[in-house]
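> These came from TrEMBL, pasted as-is:
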{"type": "TRANSMEM", "residues": "7-31", "note": "transmembrane segment"}
{"type": "TRANSMEM", "residues": "497-514", "note": "transmembrane segment"}
{"type": "TRANSMEM", "residues": "535-556", "note": "transmembrane segment"}
{"type": "TRANSMEM", "residues": "562-581", "note": "transmembrane segment"}
{"type": "TRANSMEM", "residues": "618-635", "note": "transmembrane segment"}
{"type": "TRANSMEM", "residues": "668-688", "note": "transmembrane segment"}
{"type": "TRANSMEM", "residues": "736-760", "note": "transmembrane segment"}
{"type": "TRANSMEM", "residues": "832-851", "note": "transmembrane segment"}
{"type": "TRANSMEM", "residues": "857-874", "note": "transmembrane segment"}
{"type": "TRANSMEM", "residues": "881-902", "note": "transmembrane segment"}
{"type": "TRANSMEM", "residues": "1015-1033", "note": "transmembrane segment"}
{"type": "TRANSMEM", "residues": "1053-1071", "note": "transmembrane segment"}
Amino acid sequence: MRRLPVLMLLLWVCATFYVGIYLFVGGFMLVRLEVNRSSSCSDVLPPGDEAGRFCRGEPRFRRAVLLIIDALKVNFAQFDPTNIMPLPFENKLPVLQEVTASRPTQSRLFAFRADPPTTTMQRIKGFTTGSLPTFIDVGNNFASNAILEDNLVHQLGEAGKRVVFMGDDTWESLFPKKFHRSLPFPSFNVKDLHTVDDGILKHLYPTLQSSDWDVLIAHFLGVDHCGHRFGPNHPAMADKLTQMDGVIRSVIRLIENDTLLIVMGDHGMTDTGDHGGESLKETDAALFLYSPTPLFPPPGSQVEPEVVPQTDLVPTLALLLGIPIPYSNIGQVLLPIFPQDTDPAGTQSHLTQAEALWINAKQVNRFLETYALMAKDISPESLSRLRGRFAGLAAEYREVLREGGAPSPALLGGLQEYLGAVRDVCRTTWARFHPLKMLSGLLVMATACLVTLTASELPRLAGAGEGPSLAPPLVVGVLAGGAAVTVQLMSVGWAEAGWFLGAAAFASQSVYLWRLLRAGRGAKASQAQRWGWRGLLLSLPCIPLLVLFLRCASLLSDSYVIAEGRVVTFLLLSLGLYVPLRLNWDGLLFTPSPDPQKPPCPFPPAASCSPSAARRESLALLACLGVLAASAYAVPSLAACREEQGDCEPSPLLLPLSRVQDSRARNLRYALSVASLAAWTGLLRLWLRRCGNLNGPGPAVLVARWVFPLAAVSVGLHWAVDATPEDTFRGLADLIALSLTALPRAAFGLLGLGAALLWLDPLTVFLKARSLAGPSPAPRYRASTGVSTQAELRHLIPQLYQHMRLSLEDGAQPRAPGADGRPSVEAYGLGTVYSAALLLLAGLLGLGLLLLHPEGVSLAFVLLLLEAAALLQLHASSSNLVALQGALMGGFSVPWVPVILWDLAATQFFHGTGHLPTFPSIQWGAAFVGFPKGHSGTLLPGVLVTLNTFSSHILFAVGCPLLLFWPLVCEVRGGQRGRGHTADGDEGDETVMEMKLRERPADFSAALLQLAMRFLFVKGAQVLASALAAAILRRHLMVWKVFAPKLMYEASGFVVASVFILLSFALVMRVDVAVNSWFKRLVPEQPR
């Protein structure tokens, strides 16, 4: 078997896909250009020569207190006195209603709308810079980088104001060394409801009562974490909101007349407590403003906004505190806070509405001109229209100043319209694209798909030593990349890694594809067959690839992406139903039709001529189809819901046990979870025992016998501890806290140990030598053929031993069996040695991935196991029915149908395990399994969340080689279940099972490569389709809500699946090395 060439070819193909994805994403999701300039009080804002008037006069407020209650949804802040039975999140902040009702000129409560993405870091950027973070910034939410743009914190520091911060440590990474005093607390542990809030309360009131501050920022996280952990409809949410009510009351009591209080949420939350998207439930937070002195006009005297954009807070606070508006702000001042222009003499001691709007408009116009000059991505028509509009408003405002009158409402309205128009233009412009990079990425991905498709049809030429070497394409690729870098250096003076990688990938792909097709033409010409692109296309099956095409085409529709779970289920069942229909059409279902070209069978009992064998396989195929249908229809009931699916109800099993308030329901849920966990462990061990792979003393058998069950017990115990309510067993709080850390880490440790032992020695073969001196007792264990014990002993081992001797080119004749006809060596589990290692690895990974999910998802994992087994048996039975007619004799090729079914099942269970291609659906709690106190870095939590999100991709990728091995394990054998004689009376080789592959190493390598290439083609085609959808529909209304997240998920899923595909095929090759070593050790031990 050519192990290294096959693995290197697969690695190269995956790398070319990665380069294509990198290029496309780099062109599609560029971060907008940041204008790294700062405002100052000495700035002259044209038109006019009003130097120093950017922040003129005495500020209206000398101090400010900013209380940020993370995820303070606007509904949480509202109070309904008629609601006599409020939900846990309703009517828990009565202080806001009491103050606005009793002191209407001193306070207001607004809906505070954030711009998506609604993640904490982007929101902090938004309400401190006044700008709009871009989509790609979502990935930085837990690896926050310092804000380089001008912002409120910077301006406050420049003005000499002492800014004191306490709370979410995200602020420290965004504003390093910017605070007069800082008290950050770890924010990533969403299960911790109290540490941050209690830390703030310890310092908040003493700080308020001191004089060592000018601006106090306190960022509470308890409400947000409570939403993530329990959801809004939970008693813990009522407790948190009640605590915040008390905090607000105390702060109102303590602040002085020159202090402005701002209470705000940075975003909202969905009904499940998540956020990150752009639904109104996620974007609409609350904004409460209060001052001990009059702040607003009497209610009804002015038109006030119903919703305040979050960016509008920036210019408003800047002008109230007497500092310059940050340079890149595109927000608009909140007019009701500023007095109307009723005094034409200009004797107002503070900025009037017209003055505030004029300063705001000039600042936005300056930013617009600077940005347009630097970025050049605003359309000339929009820029010209905005410039003309501002010039007209400027002339009108200066005319009003010369005349000494009050600005008209039309002028104020015009300034507001101008500010809104600039914001709209910026919002549409900042979806910046790089068309050349996008096109290059699409070209590299499309060529990679073509390479995998061609290699899958020519597997022997591609990887079995009969085709082109990979070295020349790699050399050409490096040269092409170097040429691209040289051209870039000569033209622009700098080089970008993306262009080097893109040129290298495309050049190497082109050369390899050309050499492969040329070799294919030569091989086919020698067989008097035409070959080329036409021959390649004609060799492809229509129906399976049509299903794949429909799957890819559905990615170009937002409706189909939203309903992806149901679409994939339909395609899965349709293609599954195609298998028996095609067999029936060919006359192979139930009764094989006689082949006039085939000689009559010499032995009537032979399985290849027996109608009973066809009937048995047909019934097995239909039974597997039934299991597939039942599982496929059960999985959608376990899925989550997108916010676009209004009539959808998420599965209650996705709710963690800690959120289930009814103790009886919690106990039933736990029992179901433990039963599912036992089924996952028991079914895999049952199959390994049935195949004879649990008999030896080797490390892999030790893993299956002891490590696997012990890890499952640790998982079950962790679920029990994690589901314990916080107010239960208070005396055992320390022990529970220790268990929440120790149990999952013990499970992870056991699983890691099991994987290491499996790699060290993956053989699950039990070898027993029989003494010829006396009668040998009957074997205690069944071997892996599935036939009778005597048949195993009479046929399997002597034949394997003979082939082993021949494959090692040993000149001696194999030792004859004993006088009783029994062999001198008995080996158990050898026929399933490859699949046993894969199943054991999948079982270990499944336990680890299950640990990262809520307990109820264990039922989905069992359904995944059953559906995977049904797909494997469907493939095996179909192969057996075709083989009964001799149509597939002598080949190990895995058809397209099972490969596409395998991938569709992976996508289906992506939804079945509670995931969606949206950012709010990310299960962040996975990062804290075993680490309840959080992490010091972001790598480990990122890995845990990635494993949780793509668990189905991982399991089906690891199990992909089973599509090659399963038909050999379940193939129909000789008549009477073990006699298997050929026409000349010699023993047949029907019982060799997976050892057939080892006897034909070139075919083994080709079959492995073909399977991997087909799987990568199916995966890569979907990534390409997602990229095409994002590129074609980049100006679509739903691009950032549907198509961009789907692209990110498809690309990430491909990367994860390809990594584990490489891992699984590497394990197969490791087993092959171990089998070869085992045979070599066995030969000298046998007497010659």
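The backbone N, Cα and C atoms fix where each Cβ goes, and this holds for glycine too.
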> Let me check one thing: do the transmembrane segment (832-851) and the transmembrane segment (1053-1071) come into contact, meaning three or more Cβ pairs under 8 Å with sequence separation of at least 6?
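Taking Cβ pairs at least 6 residues apart, the transmembrane segment (1053-1071) and the transmembrane segment (832-851) are in contact, with 3 or more under 8 Å.
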> Could you check if the transmembrane segment (618-635) is in contact with the transmembrane segment (857-874), meaning 3+ Cβ pairs under 8 Å among residue pairs at least 6 apart in sequence?
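Answer yes, regions in contact.
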> Given the cut-off of 8 Å on Cβ pairs that are 6 or more apart in sequence, determine whether the transmembrane segment (668-688) and the transmembrane segment (562-581) share at least 3 such pairs.
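They are not in contact.
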> Among 7-31, 497-514, 562-581, 1015-1033, 1053-1071, which stretch has the highest count of C-beta pairs below 8 Å with the transmembrane segment (857-874)?
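The stretch with the most close Cβ contacts to the transmembrane segment (857-874) is 562-581.
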> Counting Cβ pairs closer than 8 Å, which of 7-31, 562-581, 1015-1033 has the most of them with the transmembrane segment (497-514)?
7-31
> For the transmembrane segment (562-581), find every same-chain residue at least 6 residues outside the stretch whose CB is under 8 Å from a CB in it, and list them.
543-544, 547, 550-551, 554, 589, 618, 621-622, 625, 628-629, 632-633, 635-636, 639, 642, 644-645, 871, 874, 878, 897, 900-901, 904-905, 907-908, 911-912, 917, 1042
